[in-house]
Amino acid sequence: MHKISSFTGQARHGWEKMAPMGFGVSRPQASPQDYTTAPPSAKRSLPGASMSPNPGAPGHLVNLSFNVPFHSNLPGPDKEDVLYSSTGAFQRWTHPEGAADDKPTHALPVHTRNVENLRSLCKQISEGSGERLHATVTSSKPKPVPGMQRGPLTALVTNVCVSGEAEVVHKVRAKILSETPITLRREIIDIDREIVFPKGQEGARVDILNHVDDIADKTKADIFLLEAKSRRKDSESASFNTALEKSMDKRLQIHVHGDMESSENAKTRLLIMIDQILQRQVDTIRLELSLHSLLSGRHRKNVKQIESGTGTAIYFPPMFPTVFGYVAPGSMPLRGRDEIIITGESMDNILQAKKRLHDLVLTTKTFVKDVQITTSKVDYILLDRLDKIRRIIEANGSYVLPPLGNHSGVLRVQATDILNVERTVREIMGLAGQFYSASWWVTHPDPSQRQPTPSDIRAMLPDICINSGAEITFEKLNFHINGSDDSVKAAMSIINTLPFVKKAQSTLRVKVELANEHKEFVSGKKNGKINKIMSQSNVQIVFDGFNEYNFYIDVRGAQYEATKNGLDLVELEMPASISFHVPDQYHKRIIGIGGQHIQRIMKKYSVFVKFSNAMDRGGVGKDDDDIKVDNVICRTPARNADNLELVKQEIMDMVEKDDAEFVSEHVPVDRLYHRELITRMAEIEELEKKWNCKVTFPGTEQASDMITVSGPEYQVPQAVDEFLGMVPGTHDIEFPTSDELSAYLHSNEFRHEQLQKLKDQYVVEATIHETKQERQGDKDVTVQRLVLSYTRNNAGGLKDAIDFLLLPFLSRGLEVHDVKGAIARPKSDSFEDNMPFFESKLLQRAEPPVSESPTRSTFGEEASSRSIFDKLRKPSSMASFSSFMDRRRKNGSNSPASLFMHASSNASKASLVSMESRDSGYRNPWNDSGVELDHEGPNGHATAGAASSSHHGNGWGSFSATTSRPNTSSNSLSGAFDNNFPFGANGNASTSSLNTPMIPGLGMVNGAGMPGTPAVVAGDATPRYDAKAHDADSAVLNGDVSLLTPVTPATAAGAESTPVLPVETSTSTTSSTSGYPAPIAPPN
């Protein structure tokens, strides 16, 4: 990626005048004109200042109306699921007894209390100002705005309208936002039932519940212990996979409700508590907060290597402490803002991790850049897009110092590499472009119309804000509107309906921010596009330089309809883009001799395509992550955006299936087992090389089960399958036994016939456990327990394995309904009618007629046909197969692109990265982001995963069945809470910092040495995977079997326009070199 040179913004287009630039720190705004007499075009204001929140001159009265982002649609837990809650939490987060079932979420006591507190705060501010200030609170549901597409309008919106002197009003806004809990959220932690409810003990462990209460009291978060998903009433599921996963998930859930700061603190403390119960030591280290994400590396690569090499878990503090300024009354800070907590098997491991972190600090270079940013937009980005900022920072290993509330207008970005600084700044500047600012000056009011009184204004502004979502300042018949693109346009359409505005003469102005590199793109040759828009819609359009990355498009008009049409036409000329990854070795053949291939595609679809190789992105020596960076950008005006997907598809047709279409898949694995997997990093790196994929683990402090596997769409399912082969699972079966059954269980026949076949055919091992006596009804019965062990990639065949295992028992008198743990058939099985064909060996071996693929002939590749069944892990690996079929279903549509398989529903959404305005169907269609911001994936806290191996000692590597629990009691929790971790096996662990001299030899603590830990493999290289060599071997091993689907040529247009090179003719059954079938098209 080239570093784009600084744009001065002085070289203006033909119709613009030269004007001073607003670079550097934005200057305070000059006293505004009285626009009741002169239109705004009479004088240009400073570009940097014109976007500030429009503070007026001293003593100048303004009305400011803004929405307070209470998350009033955040629900509480179901009453039936709550096993335990901290003091007062249950009353706050559930509806009182006798309340109607359909009572809305915003009526929960916690939400109504927040609104009441806001009312009393505003009343106190108004009374304390001596009539100089009026602050009123309005709550209502938004109504749909005509012509605006918006999401479901169910949440209650709370608005504050403040009237008074301009300077004081903006200070009051900052005070209100920093003193209300505006960021309520829910964090989820999964915990094994045996930790809270030990076997052989009645009820829960008292010391754990006391500690939970203590955490809730000190952080002021509300904590709930909820029943496991598999035991809830709503756990019935129709699909085979989800039924299986839910039956596997027997963990309890801890829900932490609170504002961002307190919920993060409470969550980390609960995770430390779980670690200490698992006999792990705890220590802390303090490092400069702004270095944390730099040390972690891109996608936390460095930290995962340290955790892998030392067997520790590293918990980083929140990335933006006190970013919103709210601190829950009475809460205590439980850790320093820059304090990293490390847990490990022994102090020796922790000291090794500390030393490696220290070494990283010494070797880390830092590049810093200050960037000017529109002052008013900083607040919107932090309030609406904080998760996006966090993902940008994690993806680039950078850090941003956010100046919330201080209105400095300067953003400081730092990273370990100039390239990552540039990427981060561009991403954030792209986010700024999603927010508009507009002004509406009523220049000549209609004398026959009554002008609004102060009380009218205080009723009118909240109504506009609640229904549009924008923030509005009103002074001297002038409206200044700020907010997301949709909310600004909605607010203007509402203002246009006001009687005193409708009949008056007005001047309107909308400012849109866009990247400098798109200036020529939007204006056209010799400003042709812009001149055409100005003549068509009777508006004036000015390009206004802002900083080295962005410029403003200023659309000005005298009527609302003209301005709206002009803005719409400008938006249609803005660049919509899609970016994706194509391995560098394909670029030459896609471009063609003299660019003929790519020129033909660009001409056909009116889309500009740009390739960048490793050298453009900063040299070949960059870390391996860059191999997967999006290196093809397709760009076209937004009116032509539908063609982007077609261009992408045509380019991807020229890429071998083994490398096509980079996608991501999320794999749920119990978060505690991540530690076992991380210690096998060498195996995971081999897997990554083999399938050309990348395995990314979540941050330890996120407590997420989701591991992300990303790579080419045809390789990811196989990589996931092999990865799940490293994850064990267990399943329990219990049934009443008799003498005959017991004799059969211990016979050689059962051992050789059933258990051996079970292992060979289903890759499932069964272990016979001791019998136990149970009272069922009025008689005592002997209950036999079998534990089935398997790896997760074979979980799909578990039901068949259980049926096979129980068959001889049923013939010896066992009743089906007496078996506990048998997996019931799903209620609806979409494969049910088709499965007989899949099982038929006769049909499976049929050789389908296959025609040549037009795109393959371009490259003259010979390939052997193989069946999809060769790729899917045997036996009956439903997990792999159904995930493959799900993706086919999800991506089906009527567009030509749907004739080709997309491996994941989240593929190629890079083009929609910036299409993010909330509550809206319209999205901002321009962005060149290299990082896919919108990979939300499934809920980060999804808990479907491996069943915890709680019945025998090898479940977790961290402690065995023989390890005794720590002797903790509620008495040990009463001491000071500063840095004490009361669940430690040896009381409070040491808190040595980097200033303390390291122990020679690293950690011979009390003479207890530590066996040598495996060396960390440097880097995570993923060299090319040789598809041809692999396929040649596999074809011999697996037999030459092909899927029962005829493959037809691609669409006629694509077939005609593909240049055919002279190639050797191959057999008529040639298919692609991948194990998956070629694109399946409907019959012509």
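Cβ from N, Cα, C; glycine included.
Annotation source TrEMBL lists region 'Disordered' at 20-57 (among others).
The compositional bias 'Polar residues' feature in TrEMBL is assigned to 28-39 (among others).
Per-class residue totals from DSSP over the region 'Disordered' (129-150), listed helix then strand then coil: 0 helix, 7 strand, 15 coil. Residues or ranges marked as region 'Disordered' by TrEMBL: 129-150 (among others).
What TrEMBL lists as domain 'K Homology' is 279-362 (among others). Restricting the average to the domain 'K Homology' (279-362) gives a pLDDT of 90.
Look at TrEMBL and you will find 506-567 (among others) tagged as domain 'K Homology'.
The domain 'K Homology' annotation in TrEMBL covers 574-656 (among others).
For 661-728 (among others), the entry in TrEMBL reads domain 'K Homology'.
Annotated region 'Disordered' per TrEMBL: 842-867 (among others), in sequence order.
Under the heading region 'Disordered', TrEMBL lists 881-900 (among others).
Residues annotated as region 'Disordered' in TrEMBL: 910-973 (among others).
The feature compositional bias 'Low complexity' is assigned by TrEMBL to 940-960 (among others).
Look at TrEMBL and you will find 961-973 (among others) tagged as compositional bias 'Polar residues'.
What TrEMBL lists as region 'Disordered' is 1050-1084 (among others).
Taken from TrEMBL, the feature compositional bias 'Low complexity' covers 1065-1074 (among others).
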DSSP-assigned states of the domain 'K Homology' (661-728) in counts, ordered helix, strand, coil: 32 helix, 18 strand, 18 coil
The domain 'K Homology' (279-362) - residue tally per DSSP class, helix then strand then coil: 37 helix, 16 strand, 31 coil
Per-state residue totals over the domain 'K Homology' (574-656) - DSSP helix, strand, coil: 39 helix, 16 strand, 28 coil
For the domain 'K Homology' (506-567), the number of residues DSSP places in helix, strand and coil: 29 helix, 24 strand, 9 coil
